[in-house]
Amino acid sequence: MTDMAETADKAVIIVHSGDMDKLYSALIVGNGALAMGMDVSMYFTFWGLQRLKKGGLEKGPLSKMHMLGLGKWMIKKRMKAANVASLEKLMNDYKELGGKILACEMTMEIMGVKADELRTEWIDEYGAVGTYVNEARDAKITLFI
Amino acid sequence: MAEIEIDTRGETCPVPLVECRKALRKAAPGDEVTVLGTHPASKKEIPMACKALGLEVIDVEGKDDEWKIKIRR
């Protein structure tokens, strides 16, 4: 299928945090921008990159009121009641709509993350700061989450 | 020309918008895509997305919490 917009605007998001709620923010903005016709790249680094490990997507704590997991359990219950999509669905939608995932190589080195520990089927490119800057230089939206 | 209907009733942000975009990508030019939904913000935002995509919204009907939007791809 061809895209409708002739020249798409671009959004680039740095996903630095691995907190569950911040990952929701990043993926919701990413999906929303794709749905509204923009190109989107998400650059996963530090604790954000940890969430790209196999089985790691839903592992993050809440950024506030985590309370040893009690707060997260409560929020997840309320999200389920409100029928909020899982991070896994949002990630699959993001990929289906053509969203790009960039993985930070320096994080992999300093945190000892091997490529085969990651969901490599999601990752389009491995790179460092130059990759982010190159993506972001002509972007209309850039966020650090 | 095909008529495609997608049902996002009961779904919340960002699913109606995302499912609408997924359906529009799969549709062929000239096809009519109808989106059913109950999420109030999406009733405003789906036409916003269509405008950004350069697509025509043929019809919006229903209440904010139970609506039907018809789009031409």
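Quick reminder: no glycine exception, Cβ is built from N, Cα and C everywhere.
Curation plays no part in TrEMBL annotations; they are all automatic predictions.
A quick note: this is a predicted structure, and the numbers were derived from the prediction, not measured.
According to TrEMBL:
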DOMAIN    B:6-30  domain 'UPF0033'
List, by number or range, the same-chain residues at least 6 past the domain 'UPF0033' (B:6-30) whose CB is under 8 A from its CB atoms?
36-39, 41-42, 45-46, 49, 53, 55, 66, 69, 71-73
Helix, strand, coil residue numbers for the domain 'UPF0033' (B:6-30) per DSSP?
12 helix, 3 strand, 10 coil
